[in-house]
Every structure is written in C-alpha cells, then in structure tokens.
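One structure is given below, encoded as structure tokens.
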Amino acid sequence: MNETIQPCEHDGDTWLILNGKSAQLPEVREAVGRVREAGHHLAVRVTWEGGDGVRLAREASEAGIARVIAGGGDGTVNEIVGGLMQLASETRPALGILPLGSANDFAGGLGLPEEPYEALRVALETPPRRVDVGTLGDDYFINLASGGFGAQITNSTPAPLKRLLGGGAYSLMGMLKAWNYQPYQGRLRFPDGERNVPLFLLALGNGCQAGGGQQLAPLAKIDDGLLELLIVRHFTSLREMKQLIDELENLPESGDFVEYLQVPWVEFESEHALPLNLDGEPCFHENFRAALMPGALCLAAPEGSALLSHQ
C-alpha cells in the first residue's frame, strides 16, 4: 500500500472533504486508492481548523464540483452542510458521507457502511435524493438538535473519554449528573398548541439518533418535511423516573412526562439560555425558532435507508 494518497490525474468530479484528524488513517488512504483504481475521479481536500469545511464547500461549488463527501464525524458533516446551505440552491453540490471519528449518529441512522471503502462507494455511486435540512436560528442541522439534559451531558463529556468509551460515555456522564440536574423552564409553541414546561430534555429530530446511538426520534424521516418533537418533563423521584422511562418506551402523544409530536416548526422562549447540541455541536439559545427546509439538499443515502420515506 502506498504511503501517501496519490493525486488524481485532474481535480476530480467529486471532492472528499476530509477532517484533518483522519487524513493519516491507513484505511482511509486505502479506500481512496481503491475507488480511484475503480475509475472514480476523486480529489481530496483536508480541513485544518474551524471554518475550513464551509470554505471548501464554497470552493467546490465555484469549481463546478457536483458532489462533495464529508469525511469525518457528525461535526464535520454539520459544518459542511452549513457551508452547502450558504450557497444558492442551483450551485449547491450533492452530499455524500464517509463516517469517521467517534460520533457518527447521522451516518448510523442512515445505515451507512462502517468500512471506509464501502462507505465511499455509497457516497460516490448512489443517486442522490432530496432531503430536508433543519434550521435553528441562523444555524443548520441535518440530524438532530437536543436541548437540556442531553446537551449538558454531551458538552461536559471530556473528549478523551468520548473517544475511549464511544456511546457509553454519554450514559456514564448521565448517571453522574442526573441527580444534580436543574430543569429549564420555557415556553414551547408549535402549530397545534403550546406548552409551559420544566424541561428535562428536548429533541428536534430530522434524523433519529444522537449521543452515541440514543434513539430520540425513532419515527424520523429526512424527506417528510416534519420535525420529530420530543418533550421530556423534569422528574423528582424514582417513581416518576420509572414512569418517564415507561413513557419513553411507548412515546405517547401526550404523556405525563413525555410527549412525542411531528411538527413543521417549533418556537422556544425562556429567560435563561438553553444548552443545545446541533448534530453534536454545542451552542446556547434563550429564544429560537426551529424548522425544516424541505428538499433543500441532495444526499447520497443508501438504498432502503430507514430514514427515507421511499415514496
């Protein structure tokens, strides 16, 4: 196997925008070499610092590239999606995904192969389909936005522990922090109603899972124009926690602690900033409106993906 990724004969029909942390992985270099040997004109661009994914998405569009592949974890995908969404729709390249790193919730929900070569083949060869993209304020997300307890766990998990334990890190930090958690009081508005709730957890799903495989929006489809809205109210006793867990198993439309709705948009107002994660990327908002842009992005998703409506 070659020590370096050999350059294409020309600049490529597709760009792989690769997270710099993954650029030296032997399995990635081997996969790139194999798809090139199979005849794909794939050029590689590597990110070095924050904002590079946005810049490279723009440069790909300016170069007339029809498809870009986000090589990295959920954060890399989120940054490149944000870059693509800043472009005019008629010049916006399609997106493929090469899942790498410790957090690949969107790729996992899509059912993408974990082996780099097979994932690259899907990203390169699958006809792209139009899918929805979420907006929250001025930010974008393609998978899931979570707020409250879930976001607090993810933000406070040390990066080395996250890499070491994978999804288990989230459960560990959850057990350590649950009994000191303070709920977030806020008002939620959506087309058919509003709620004043002490929030334990809030999830807005375009995709289905977050936090290392936790299914927060199991009915989600990325092409139906609807957000999955999961509201989990604060609990104060073991008995209430047991009921909450039972309701999470069944996802009632209107339970004592859990509500699961499908809405085109939702608004949140609070006197205090709510910790949020958009595709795993942390932020804080006191007030926001979240919605979907239906069919805004073309995505190379595997045939038969559970996140597609198959219409």
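Here the Cβ of each residue, glycine as well, is placed from N, Cα and C on the backbone.
Values in this document were obtained by computation on a predicted structure and should not be read as measured data.
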Exercise. Of Ser61, Ser89, Ser102, which does Swiss-Prot put in the ATP site with Thr47, Gly73, Asp74, Gly75, Thr76, Val77, Asn78, Glu79?
Worked result: Ser102
Problem set entry | Farthest-apart CA atoms of Thr47, Gly73, Asp74, Gly75, Thr76, Val77, Asn78, Glu79, Ser102, residues recorded for ATP, distance in Å | 17
Exercise. For the domain 'DAGKc' (9-140), what does DSSP give as the number of helix, strand and coil residues?
Worked result: 57 helix, 34 strand, 41 coil
Problem set entry | Pairwise Cα distance for Thr76 (ATP binding site)/Glu281 (active site, proton acceptor) [Å, integer] | 10
Exercise. Here are the binding-site residues: Thr76, Ser102. Which has the lowest count of other Cβ atoms within 10 Å?
Worked result: Ser102
Problem set entry | Predicted model, mean pLDDT over the domain 'DAGKc' (9-140) | 95
Exercise. Relative to the Cα of Ser102 (ATP binding site), which of the recorded positions Lys221, Asp224, Leu226, Glu281 has the closest Cα?
Worked result: Glu281
Exercise. Rounded to a whole number, how many Å is the Cα of Lys221 (Mg(2+) binding site) away from the Cα of Asp74 (ATP binding site)?
Worked result: 18
